[in-house]
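> My structure is below; once you've seen it, I'll send some questions.
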Amino acid sequence: MITVLVFALVFFPLGWLYGAAFLRLAARILRIEAQETSATVILLAGMIAMTTLAAGLSLALPLDWRAFSILILGAAAIFLSGSRQGWLKLSRPRLPRLTGWDAAAGAVLLLALLTVLENATHQVANPDTGIYHAQAIRWMEEYPTVAGLGNLHSRFAYNSHWLVLNAVFSLAFWGGRSLHLVGAMLFGLAVWDFGNGLRRWLGGERTAANGLRLLFFPLAFYLLGSQTSSPGTDLPVILMLWLVIPLWLEQSALQSEQPEIRSLLIFSTAVYLLTVKLSALPLLLLAAWLVLSDVRHQPVRVLRWGFLGFLLLLPWLARNVILSGYLIYPFPALDWFNVDWKIPYETALREAQIIRAWARLPNVDASLVLKMPLGEWLPVWFSDRTTNQRLILLLAMLSPAGMGVVWLLARLKKWNWAGQDFGWMGAYLFAMAGALYWLFNAPDLRFGYGWVILLMILPLAGLMSGLAGGLRDSQAFLVNAFLTVGMVVVHLWFLTASFEGKTFPQRWLLPPDYPLHATFPCSLENGMVLCAGEESYTQCYYQPFPCIPKPIEGVEMRGTDWGDGFRSVSGR
């Protein structure tokens, strides 16, 4: 646990410096006036900037001490430049006069942060981490981006930039172990933002945006608490989505024709999340809306937005081509490069089909699943969900009626939403588009929780905001009191339910290392790697290295060293 706290003292200052520099650079590209903004916006921007820089470095360097040193030197340069030029202002923060409600929100926030700290030191629970996350990180620590690595194991070609950020901050070069704490840092940032939404709600800012933050607060732990210690790629998509939607609501409420820093951050996050997981693709609709809103009167500005998006995507696209031979994998239709390490077209096509089929009916032959009409596979898929999952899905299905009822109440009761209704309805339409894309593409709930939960709670957030606006002082006090007590009870329960007393003596200093699973040697056409043992259930985790889930045929090394890459024999 001490290591997690020290890690945070390094990670967040670096994120702050890179975030401030990125927002300044992006504002210059878009010719937006620089403005003061929240810690959430700056730190999210910092994660995006550090990931993009690390991905660029990974094209030429392993993400080891050299890449980390460049990150540190870059942060030092930002600090010196910003301090001299005056755009990076470091002053002693002035604490506002605290109220009783601020103290209550602070108590809830403390419980939540303690839960994040506890969960960050648990053993990794995400099975995909054992299958490929940890080994993908290890490849980045050991070598620059390896040509044709996806031939060795197709999931290495998925190229999630979240794993890039985890690799550069794994600090494996220190001689201890490969840390996987970036997910906990994002979770902590999300908790801070949601807790600030609770504080503002208790203080009288009862907007739909703060209502969303209030609802996200416990839901994040319910859905993602067990994933805190993993470098898995589902957590960042969900949490970042939940962080930017309230920002979108606040931006929409301003009804300004000029883009602001928040718009810039929302656009950048939408593009960034595409590099984290392709299931975030619908978020580009939100980015497109922001761009269209800005370029209505100055169409040429679309080039500036496009240039910013291109800068964020370029390292990811380059890594895609090196890892798989395709611009985006597994989308073999984008077959534009004739390189010897390209994953065979048939393999890439089958991978895309298996992803879709497995997400629908994992225990049925993929070719049969893909031939089934919607009316055949959807009822079976729904019946296979747990009771809690079916309840969540049913509430999401009923959400259009909920939105209609709340909208009607707002008109009948003449709620003073101060421009919130446009953003609220817009957020719902984006969430619906995301949920439909998820359902018809690859409906594994892990990929769709972000959208489905949004559908479920947007009507409730609007209802809460509307009803709270008409409360008298005495009524508001009682509601705040019940809300505070409820939040304390819920987060105290999360903390006590998460606490693992038996393992605490092993965790108080360092988080646990990746598990060590049995492996056996398996042959390539001209070399040797390791494969997960039968009792390991295809899970290799971090070591030994290199390890793949199961033996593979028809793949050879491109040279004498693993770093030279891999290629398919059939593709020569």
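Heads up, the Cβ atoms here are built off N, Cα and C, so glycines get one too.
TrEMBL lists these features:
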DOMAIN    1-452  domain 'DUF8201'
TRANSMEM  6-27  transmembrane segment
TRANSMEM  39-61  transmembrane segment
TRANSMEM  67-87  transmembrane segment
TRANSMEM  99-117  transmembrane segment
TRANSMEM  171-195  transmembrane segment
TRANSMEM  207-225  transmembrane segment
TRANSMEM  270-292  transmembrane segment
TRANSMEM  304-329  transmembrane segment
TRANSMEM  391-410  transmembrane segment
TRANSMEM  422-440  transmembrane segment
TRANSMEM  447-471  transmembrane segment
TRANSMEM  477-499  transmembrane segment
> Of the listed stretches (6-27, 39-61, 99-117, 171-195, 270-292), which one yields the highest count of Cβ-Cβ distances below 8 Å with the transmembrane segment (477-499)?
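Ranked by Cβ pairs under 8 Å, first place goes to 99-117.
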> Compute the average pLDDT of the predicted model within the domain 'DUF8201' (1-452).
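Mean model confidence (pLDDT) across the domain 'DUF8201' (1-452) is 92.
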> How about long-range neighbours of the transmembrane segment (6-27): same chain, 6 or more residues beyond its ends, C-beta under 8 Å?
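That would be 33-34, 37, 39, 41-50, 53, 71-72, 74-75, 78-79, 82, 87-88, 169, 179, 181-182, 185, 188, 261, 264-265, 268, 308.
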> Same chain, outside the transmembrane segment (207-225) by at least 6, Cβ under 8 Å from its Cβ: which residues?
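108, 112, 115, 119, 187, 190-191, 193-198, 200-201, 234-235, 238-239, 242, 245-247, 249-250, 253, 417, 420, 423-424, 449, 453, 457-458, 460-462, 464-465, 483, 487, 490-491, 494, 498.
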> Ranking 39-61, 99-117, 171-195, 270-292 by Cβ pairs under 8 Å to the transmembrane segment (304-329), which is first?
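Answer, by Cβ pair count: 39-61.
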> Using a threshold of three or more Cβ pairs below 8 Å, and leaving out pairs closer than 6 in sequence, do the transmembrane segment (39-61) and the transmembrane segment (99-117) count as in contact?
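With fewer than 3 qualifying Cβ pairs, these stretches do not touch.
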